[in-house]
């Protein structure tokens with residue numbers, strides 16, 4: 001089936017020029033159930049999605065916080081240009097590496113992309129491993145004030161100098177009730193909580209914001225989570241990281257440094273980039289290469305563990321074991337289930 005001639009990657013707004021409540025118009029446009037395809041890094045989501053899209057007459061929306069950036073190609077295992085020409089993809093290569101892109105931007109742009117796809121009687125297929133972005137799509141954008149970059153930079157310097165545990169102790173003094181609900185190692189939530197206190201003058205626990213995951217109400221979704229045995233996934237990740245280095249990941253990091261990736265605190269801290277930025281900053285010592293490579297692999301494996309934990313919160317993502325199955329067979333299983341129950 002030939003993909004329609006549509007410039008999917010041209011969607012570049014940050015949400016200010018789309019409808020204020022996109023879910024309301026979403027319900028009017030709904031004709032088919034939206035497919036959610038998740039899985040840990042290295043589980044084969046991309047290959048499965050490319051097989052699945054023609055089976056269901058679908059178009060693909062990337063659920064990846066780093067694939068939005070032009071030039072971050074090797075380290076994000078970005079789908080090839082040839083594949084994007086065959087099957088329309090959204091939310092890939094839409095930002096310069098210095099631009100900030102957050103969950104609110106994702107919510108509006110992903111919603112706009114799905115509206116576009118549904119309006120042409122196609123099936124949106126959301127594909128990725130970012131549990132937070134899936135949560136945002138299903139539950140709406142995060143509540144609370146927008147991020148304060150200057151304050152976050154201040155906290156980053158504090159952590160670098162004093163450590164995260166002291167920052168957590170600070171939160172415990174300012175908002176002990178909320179601090180008890182998170183771990184002392186959850187840097188993102190600690191920083192966000194202190195940021196909210198700084199911006200609003202109120203404790204997080206005093207705000208009437210919902211922090212729980214919600215099921216989508218205004219449109220139907222059906223989700224799958226690709227599952228592989230841990231030892232197999234570990235072997236795949238080791239091979240994947242080595243191949244990225246063989247494909248000149250370090251050269252890509254050099255180019256991104258020239259383009260100003262340091263100005264973007266999210267992009268510069270992404271796995272696969274932060275390790276090699278530090279390596280380059282140290283003068284690229286040959287004796288440190290193996291240690292940095294092993295750290296790159298270890299950080300990826302730790303992230304996979306977090307991905308598994310996140311998606312366990314969502315029963316709507318049906319676990320789909322993939323051991324011994326080809327991407328095409330997995331896609332056929334999803335398509336069959338989709339047409340039976342979607």
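Note: Cβ is positioned from N, Cα and C throughout, glycine not excepted.
Listed ranges 64-67, 68-71, 72-75; the one Swiss-Prot annotates as region 'Interaction with substrate tRNA' is 64-67. With a cut-off of 8 Å between Cβ atoms, the residues of this chain six or more beyond the region 'Interaction with substrate tRNA' (64-67) that come close are 75-76, 78, 91-93, 101, 106, 128-130, 133, 266-267, 270. When the alpha carbons of residue 44 (ATP binding site) and residue 152 (site 'Interaction with substrate tRNA') are compared, the span between them is 35 angstrom. Residues 129, 226 surround the recorded ATP site, their Cβ atoms falling within 8 Å of the Cβ centroid of 39, 40, 41, 42, 43, 44, 45, 46, which are themselves excluded.
Non-local contacts of residue 130 (site 'Interaction with substrate tRNA') by the CB criterion (under 8 A, 6+ apart in sequence, same chain) comprise 63, 64, 65. The Cβ neighbour count for residue 152 (site 'Interaction with substrate tRNA'), using a 10 Å radius and every protein chain shown, is 16. Cβ neighbour count within 10 Å across all protein chains ranks 39 highest among the binding-site residues 39, 42.
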